[in-house]
Amino acid sequence: MSNPTIAIVGRPNVGKSTIFNRIAGERISIVEDTPGVTRDRIYAKGEWLTHEFSIIDTGGIDIGDEPFMEQIKQQAQIAIDEADVILFITSGREGVTDADEAVAKILYRSKKPVILMVNKVDNPEMRSEVYEFYSLGLGDPYPVSGSHGLGLGDVLDEAVKHFPDEEENEEDETIKFSLIGRPNVGKSSLINAILGEDRVIVSDIEGTTRDAIDTHFTSENGQEFTMIDTAGMRKRGKVYENTEKYSVMRAMRAIDRSDVVLVILNGEEGIREQDKRIAGYAHEAGRGIIIVVNKWDLVKKDTNTMKKFEEEIREEFAYLDYAPIIFVSALTKQRLNKLPELIEGVSMNQNMRIPSSVLNEIIMDAVAINPTPTDKGKRLKIFYATQVAVKPPTFVVFVNEEELMHFSYSRFLENQIRKAFEFEGTPIKIIPRRRK
Ligand code: GDP
Ligand code: GDP
């Protein structure tokens, strides 16, 4: 199920990214450590009370060379297309501007819930500045201060009221997956080829409220799948769809909704930076991952070509050492019939539970082979471990001191668990916790 989505709109300099960063949950991740990603983060997850949501800063999606007014109109359109609730940000320092009025008009027509925020109201004396904003016709303006973090709680209280009702855990038997990759790697061709296989029965194609299109199908052995749409797959002909920021944002959203992500690479072109960024996000999000090298028909091969390509992938995507790699061609359909099985296998691995007794045997054997590390004369002690979650499999390891569990040791434990169990395709998490 997808999270409810909040989008932020408004003209430049009103404080959109300041507010975005306040609302977005702090999250250190490899993806965001990549230079150029932290700086202009536009998509994140947040939490308020018991609600989890996604948040988009449309101000970060620049639409090429369009004139200023056109850009902010497009951004407002993105918000309308993607969000359940829109935060429209203005500035109490500058008052109502023409650009604010243009945005207000578009939002008003959309009938999406809009919360009008007047930012930079840094102290109570400035609260009278908000009255002129009633003229925008979007109801009560909320005075806030992004830089001081004031008033945002009231805004979020209001925002969550507009979230769609949480659906029941619908069709649990269906495996949700998406194809993620740069433009032209062959995503649409692969989809058509997969759905065109004789043995696949497409049951329906469903347009959801967010204008995304999910396709349901059943494989030969009766397994149900839901294929989640991403931008670039079914082009809707909107200007902003071709911008990189927008397609990355759509890819992240599709990953959030998926159980398993197929990272599509172009066999002819090799690996690019954007491939790594998206794959990193899928890994962080704990999704199952399969690396699919497409256009294999175009690659000149000798006996070592596949092996070399594999080595390159292992090197470039070091943290994805658990992900299976498959070489395919949408054109010749080579190995495409293997994909449903592979996805199903990864999904099973994501849902696997290891009994505590077996898990603890593995851990104790691991400690016997490779003694726990010491730090400043103190040795890590492991008392016991237990699996606390699936999707991804998550293990809590009770220890004397959490800080003594170094990354490399936790990695070693992970490898020992992987040696004993088939966790191909799924990340696993190991969380050290001090025993009380
Ligand atoms: P954006 O272009 O809409 O994303 O705006 P930014 O978040 O980059 O903010 C633009 C400028 O306004 C920056 O210099 C911020 O420090 C400043 N700013 C943001 N929020 C506030 C606020 O609540 N009060 C004041 N005084 N300045 C703010
Ligand atoms: P998307 O942007 O990722 O959806 O990529 P498309 O599916 O639109 O494919 C981009 C181009 O690559 C099209 O011209 C396809 O015909 C071509 N293409 C896709 N897959 C293959 C393949 O496996 N082999 C060959 N030779 N061409 C392919």
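Here the Cβ of each residue, glycine as well, is placed from N, Cα and C on the backbone.
So that you can see what the record holds, here are the features copied from TrEMBL:
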DOMAIN    4-167  domain 'EngA-type G'
BINDING   10-17, 57-61, 119-122  GTP 1 binding site
DOMAIN    175-351  domain 'EngA-type G'
BINDING   181-188, 229-233, 294-297  GTP 2 binding site
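Ranked by CA distance from THR58 (GTP 1 binding site), the binding-site residues GLY181, ASN184, LYS187, TRP296 have GLY181 at the top as the closest. In the three-state DSSP classification, GLY181 (GTP 2 binding site) falls within coil. VAL121 (GTP 1 binding site) and LYS187 (GTP 2 binding site) have their C-alpha atoms 47 Å apart, to the nearest angstrom. The Cα atom of TRP296 (GTP 2 binding site) lies nearest to that of ILE61, taking the binding-site residues GLY10, ASN13, LYS16, ILE61 as the candidates. Using a 10 Å Cβ-Cβ cutoff, VAL121 (GTP 1 binding site) registers 25 neighbours. Candidate binding-site residues: THR58, ILE61, VAL121, ASN184, TRP296. Not one of them has a Cβ under 6 Å from ligand 1.
Take the binding-site residues GLY10, GLY181: by the count of other Cβ atoms within 10 Å of each Cβ, the lowest one is GLY181.
Here the Cβ of THR58 (GTP 1 binding site) has 29 other Cβ atoms within 10 Å, regardless of which shown protein chain they belong to. Cα spacing between LYS187 (GTP 2 binding site) and ILE61 (GTP 1 binding site): 23 Å, rounded to the nearest whole number. Among the binding-site residues GLY10, ASN13, LYS16, VAL121, TRP296, no residue is identified whose Cβ is positioned under 6 Å from ligand 2. On a Cα basis, ILE61 (GTP 1 binding site) lies 21 Å away from ASN184 (GTP 2 binding site). Spacing of GLY181 (GTP 2 binding site) relative to ILE61 (GTP 1 binding site) is 19 Å (Cα to Cα, whole number). ASN13 (GTP 1 binding site) has a Cβ environment of 13 other Cβ atoms inside 10 Å. Each of the binding-site residues ASN184, TRP296 was scored by how many other Cβ atoms lie within 10 Å of its Cβ, and the smallest score goes to ASN184.
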